[in-house]
Amino acid sequence: MTTSRCSHLPEVLPDCTSSAPSGKTVEDCSSLVNGQPQYVMQVSAKDGQLLSTVVRTLTTQSSFNDHPMCRICHEGSTQEDLLSPCECTGTLGTIHRSCLEHWLSSSNTSYCELCHFRFSVERKPRPLVEWLRNPGPQHEKRTLFGDMVCFLFITPLATISGWLCLRGAVDHLHFSSRLEAVGLIALTVALFTIYLFWTLVSFRYHCRLYNEWRRTNQRVILVIPKSANLPSAQQSLLGLHSFKRNSKETIV
């Protein structure tokens, strides 16, 4: 995960002269609204996918010390309890479980890219139906849809054509027309050979795309150790105290 520099230390003015990380842009981090400076916080996955963006005035930064928030969605603990699953401290030390699982799934990693703490996770493959609904980029969607339409159209056509050719070959054999019968049989074999070759090539191509999608789009479940399974109220209270204590260490 990559974050803009002005989102790490809310007590420090953002450095607007620094360039944004690759795959992400920071827009107008020195703008003024009602005479108050603003700063932009953005969180991106490793592949450049933007996970969250928030714009706040500088006067609201002091509230971060008293009200911890998720470092990805920048929301508090009203909807979901905040956790501290890694060794990050200060404003980057708390995160929602659902946000962390979504980020680990999007970035296809199992560790924190800030403190390099490796999380204990379970990865489960997503169902085939989900891939059929959204196989990936637009050109892959068009290819999958086109091949499915061709398969549904060519399969009965090839079957009927092969049956008619074989029926004609049998009729020619009854009338001692062996040359025509051999020609129809050869046509039937060529027809089914081309059909099977196209089917196998298309099937292998889409199987490769599905296996790659299944490997990079797994559902991640964060496993919290049993020793860390505290009641939600006690865990939130401990997380709040530790956040207040560690947030002072981030001031430089």
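Heads up, the Cβ atoms here are built off N, Cα and C, so glycines get one too.
Feature annotation from Swiss-Prot assigns zinc finger to 62-122; the stated evidence is sequence analysis. For CYS70, CYS73, HIS96, CYS99, the entry in Swiss-Prot reads Zn(2+) 1 binding site. Swiss-Prot lists CYS86, CYS88, CYS112, CYS115 with the feature Zn(2+) 2 binding site, giving sequence analysis as the kind of evidence. Look at Swiss-Prot and you will find 144-164, 181-201 tagged as transmembrane segment.
Structure coloured by features recorded in Swiss-Prot.
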residue	record	DSSP (3 states)
CYS70	Zn(2+) 1 binding site	coil
CYS86	Zn(2+) 2 binding site	coil
HIS96	Zn(2+) 1 binding site	strand
CYS112	Zn(2+) 2 binding site	coil
For the transmembrane segment (144-164), sequence-distant contacts whose Cβ falls under 8 Å of one of its Cβ atoms, 6 or more beyond its ends: 132, 135, 188, 191-192, 195, 198-199, 202, 206, 209
Segment-level pLDDT (mean, integer) for the zinc finger (62-122): 81
Cβ neighbours of CYS73 (Zn(2+) 1 binding site) where a neighbour is any other Cβ within 10 Å: 18
Residue pair CYS70 (Zn(2+) 1 binding site), CYS88 (Zn(2+) 2 binding site) - Cα distance, angstrom, rounded: 12
Candidates CYS86, CYS88, CYS112, CYS115 (binding-site residues) with Cα within 10 Å of CYS73 (Zn(2+) 1 binding site): none
Most Cβ neighbours inside 10 Å, all chains, among the binding-site residues CYS112, CYS115: CYS112
Distance from HIS96 (Zn(2+) 1 binding site) back to CYS88 (Zn(2+) 2 binding site), taken between C-alpha atoms, in Å: 14
Additional residues surrounding Zn(2+) 2, by Cβ distance to the CYS86, CYS88, CYS112, CYS115 centre under 8 Å: PRO85, GLU87, LEU92, GLY93, LEU114, HIS116, PHE117
Rounded to the nearest Å - Cα separation of CYS86 (Zn(2+) 2 binding site) and HIS96 (Zn(2+) 1 binding site): 12
